[in-house]
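Annotated 5-phospho-alpha-D-ribose 1-diphosphate binding site per Swiss-Prot: 85, 110, 135, 136, 137, 138, 139, 140, 141, 142, 143, 206, in sequence order, evidence recorded as sequence analysis. Sequence annotations record features per position, and here Swiss-Prot assigns uracil binding site to 200, 205, 206, 207 based on sequence analysis.
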């Protein structure tokens, strides 16, 4: 895991398997089926990395031999909240890692001026949970900021929120950091820039279209 000195709350997950799978996802000739499978696999690997610092406590239990105080994750179960629609492709990988997690959804689409328009919010109870928001792309950063806003408006502390994405543009990371410096953003790659259409370069295209086999 590495950091970029420009963005204190950005963490780049540079594990070789993550980078290898991301390269295959970038390839324009990768099929919808393979893209979908890779998204699940890479999200599972990234989820393993970002959950390493979850708060722990102990629980008294009995093994076949003795009683012990065994380490367990503290608080309520994790909540996974994909940002629709592309984020839903990441939830399977996270649920494979944490099958007992609660799942919410935040639906956002991008208007012509690239600003987010919210159309759906469904969340589990919020108290004492750690939330993982997920969306494959942080391009302009507006949708990611909006998703965090949704949780913070409901009194979820920034320290209890993580945002997980595959690729991000520096422009979007700056917007995110300015809005939510207390929320950690985890990505597989910090790419070069946004083009005139607000697509990440080199990026991987429209993640939603490639995930679901649709045309923009």
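Just so it is clear, glycine is given a Cβ too, placed from its N, Cα and C backbone atoms.
Structural mapping of features recorded in Swiss-Prot.
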| residue | record | DSSP (3 states) |
| --- | --- | --- |
| 85 | 5-phospho-alpha-D-ribose 1-diphosphate binding site | coil |
| 135 | 5-phospho-alpha-D-ribose 1-diphosphate binding site | coil |
| 141 | 5-phospho-alpha-D-ribose 1-diphosphate binding site | coil |
| 200 | uracil binding site | strand |
| 205 | uracil binding site | coil |
Site of maximum Cβ density within 10 Å, from binding-site residues 135, 206: 135
Cβ contacts within 10 Å for residue 205 (uracil binding site), all chains included, total 17
Neighbouring binding-site residues, C-alpha within 10 angstroms of residue 139 (5-phospho-alpha-D-ribose 1-diphosphate binding site) - of 200, 205, 207: 200
When the Cα-Cα distance from residue 205 (uracil binding site) is computed for each of the binding-site residues 135, 141, 143, which gives the smallest value? 135
Within 10 Å of residue 135 (5-phospho-alpha-D-ribose 1-diphosphate binding site), Cα to Cα, which of the binding-site residues 200, 206, 207 are there? 207
List only the single closest residue to residue 206 (uracil binding site), chosen from the binding-site residues 85, 137, 141, 143 by CA-CA distance. 137
Rounded to an integer, what is the Cα-Cα distance in Å between residue 137 (5-phospho-alpha-D-ribose 1-diphosphate binding site) and residue 207 (uracil binding site)? 7
Integer Å value for the Cα distance linking residue 85 (5-phospho-alpha-D-ribose 1-diphosphate binding site) with residue 207 (uracil binding site) is 9
Measure the Cβ-based neighbour count of residue 200 (uracil binding site), defined as the other Cβ atoms within 10 Å of its Cβ. 27
Rounded Cα-Cα span from residue 207 (uracil binding site) to residue 143 (5-phospho-alpha-D-ribose 1-diphosphate binding site), Å: 14
About how far apart, in whole Å, are the alpha carbons (Cα) of residue 200 (uracil binding site) and residue 141 (5-phospho-alpha-D-ribose 1-diphosphate binding site)? 11
